[in-house]
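Database features (TrEMBL):
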type: TRANSMEM; residues: 12-33; note: transmembrane segment
type: TRANSMEM; residues: 53-73; note: transmembrane segment
type: TRANSMEM; residues: 85-107; note: transmembrane segment
type: TRANSMEM; residues: 128-149; note: transmembrane segment
type: TRANSMEM; residues: 161-181; note: transmembrane segment
type: TRANSMEM; residues: 193-211; note: transmembrane segment
type: TRANSMEM; residues: 279-302; note: transmembrane segment
type: TRANSMEM; residues: 339-362; note: transmembrane segment
type: TRANSMEM; residues: 382-401; note: transmembrane segment
type: TRANSMEM; residues: 413-434; note: transmembrane segment
type: TRANSMEM; residues: 441-462; note: transmembrane segment
type: TRANSMEM; residues: 518-539; note: transmembrane segment
type: REGION; residues: 589-628; note: region 'Disordered'
Amino acid sequence: MDPLERMHFTTIDYVIFALLLVASMGIGLYYALSGGRQRTTQEFLLADRSMSCLPVSLSLIATFQSAVAIVGVPAEIYTHGTQYWFIGCAYILGLLIPAHVFIPVFYRLHLTSAYQYLELRFSKPVRICGTLTFIFQTVIYMGVCVYTPALALNAVTGFDLWGAVLATGLVCTLYTTLGGLKAVIWTDVFQTIVMFAGQLAVIVVGVQQTGGLAEVWRKVWEGNRISGIDLNPDPTERYTFWTLGVGGIFLMLSLYGVNQAQVQRYLSSKTEREAIMSCYMVFPSLQVALALSCVMGLVMFARYCGEDQFHKIGNLSKNEMVLYFVMDMLQDLPGLSGLFIACVFSAALSTISSAFNSLATVTLEDLIKPHCSAMTEARATLLSKGLACSYGLMCLAMAYLTHLMSDSVLQAAFKIFGMVGGPLLGIFCLGMFFPWANSTGALVGLGSGLVMAFWVGIGSIVTRTSGGPAAVSHFNCTAVQLSENITTAIGTALNSTAVPTSTSSQPMGLQRFYSLSFMWYSALSSFTVVITGLIVSFLTGPMKEEDVTPGTLYPLLGNMLYFVPDNLKQNLCCATPLGHRPIIQECPPAQHKESNVQADYTEEEEEEERLNFLPTSPTPVTEHETTV
């Protein structure tokens, strides 16, 4: 009998799960009927730029701490050991760089969409291409996020899979459409608390039923699931310190630096300082979330590693392991199963609602408003709500495509972000850090980055070699060796993820290129964009200093080349201090004649920002600046 057939929900479980959906809907209705009642695009899309750092930071966590992470990370730890935990090292630079580079640039430009920056820095075609790329990435990822909790509910309760997909999508669409960004952020806060509570409950009960902390540690240690630092430089290895600690930085930057869902939260903050503080506050919370997911994977291994227990989980897919473990642990404790399913759905709802809101924002601001400048505020607000609703329905179709994928949900999510998020990171870095980059170089660079990413990504799917060798190849955690039958069962269970070990022949040539670990996808594609963009820019005529919109450059090269004389540094870097706002009227007409970004900062706001966060500028400091 399928072990999942014995699992069931009690009435209390259903009540707890229903309370999650009702509370989320209630928050949406509250913000739909209170305050400004979502009558302006400023309130609906940016929460009137009135949010403090605490709710923004929790929303930043919830946006990408999705059901994918809750279901996928423990399965990765169970299968490959704790090497994945080293991705926490990437969180340091992955959050410091956005806090001190991307947030000041975006916030001082007073944008609504991150892709407005691309028009200010390059041109309108670059902005449109960036927007379309983001929409493509997010719509695909929404399918993964909707399908994962539906699979959980189906696995543990027998609830119709596609009925669960429909319920998730419709509930999320409704409260996002009614309550706007304020509802999204505050439901994220509530759902983050539910996520942590659900994971913690599973860990506590799992440790107790496994025999205590000492017994869990003994089993995971003997089962070779505690990994040291693997300094193997081979980029085809699934998880090494370099893969996670370096490749993970680029993944984090693509998520927390330039992704519209996160940028929109930064821009909803009251001040730039609040936005930066929210980014700092994300770090400890992300580490806690990572630790909970990894510990859950270790407890799951300790529970099922024995010869008498392995049969319970040996025939399950990686996406079902955590769900079975939870129901097995909690089936005799009414309410806790419902709490964990609520935890999974909370993670999904927070991610999906953020996606709906950000998709509506970029579609309205980047694709519609430039062609409908006479649109009234009331009509724009109504249209943005309609767009959020439309994207909610679109995600249901994408969930079906996710159903057809054979990868684990975590690997599928990383591939999506690497293949599409990496090129977007590259084009923003090209614009902010390299003053010579022009519009032609940006377009060619973005195209080449996408081609490179999809080449290696699709190649890995076709050849089924993505991810490199598994970190651990055996499950024995007792002094008695596993029987031949159990070993065969293990091989069957891991058939979808197993690859040749280090003792077998390694792939060669193009096949080895396709074996590149998916954690490197973001780095590979973003470097492709930058290098190609710079080459094309120099071949077609680099951009001159007077043609660059003030405030769109971060003086990275100027800060790095501190030892170079000022006159030479100015010729090389031509970076404008971040304290300067772009004044569209004073810029060359050819560069900004179609720009829709308004330069509406007051002198007091500009002065405060320059005092608080002005970095070292590669241009000479004037007497006026010194006085300020």
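Cβ atoms here come from the backbone N, Cα and C positions, even for glycine.
In TrEMBL, annotation is done automatically, which means it is predicted and not curated.
Sequence-distant residue pairs (6 or more apart) of the transmembrane segment (85-107) and the transmembrane segment (279-302) include at least 3 whose Cβ atoms are under 8 Å, placing the two stretches in contact. Taking pairs at least six residues apart, the transmembrane segment (193-211) and the transmembrane segment (339-362) share three or more Cβ pairs below 8 Å and count as touching.
Counting C-beta pairs under 8 angstroms (sequence separation of 6 or more), the transmembrane segment (518-539) fails to reach the transmembrane segment (382-401), with fewer than 3 such pairs. Same-chain neighbours of the transmembrane segment (279-302): 53-54, 57-58, 60-61, 65, 69-70, 73-78, 82, 84-85, 87-88, 91-92, 95, 98-99, 103, 192, 195-196, 199-200, 202-203, 206-207, 210, 215-216, 219-220, 223, 225, 256, 266, 313, 321-322, 325, 475, 477, counting only residues six or more beyond its ends whose CB sits under 8 Å from a CB of the stretch. Counted over residue pairs separated by six or more positions, the transmembrane segment (161-181) shares at least 3 Cβ pairs under 8 angstroms with the transmembrane segment (382-401), which defines the two as touching.
Among residues of the same chain six or more beyond the transmembrane segment (128-149), those with a C-beta under 8 A of the stretch's C-beta atoms are 66-68, 71, 113, 115, 118, 164-165, 168-169, 259-261, 319, 341, 344-345, 347-348, 351-352, 355, 358-359, 362-363, 366-367, 391, 394-403, 409, 412-413, 416-417, 420-421, 423-424, 427, 443, 446, 450. Sequence-distant residue pairs (6 or more apart) of the transmembrane segment (339-362) and the transmembrane segment (413-434) include fewer than 3 whose Cβ atoms are under 8 Å, leaving the two stretches without contact.
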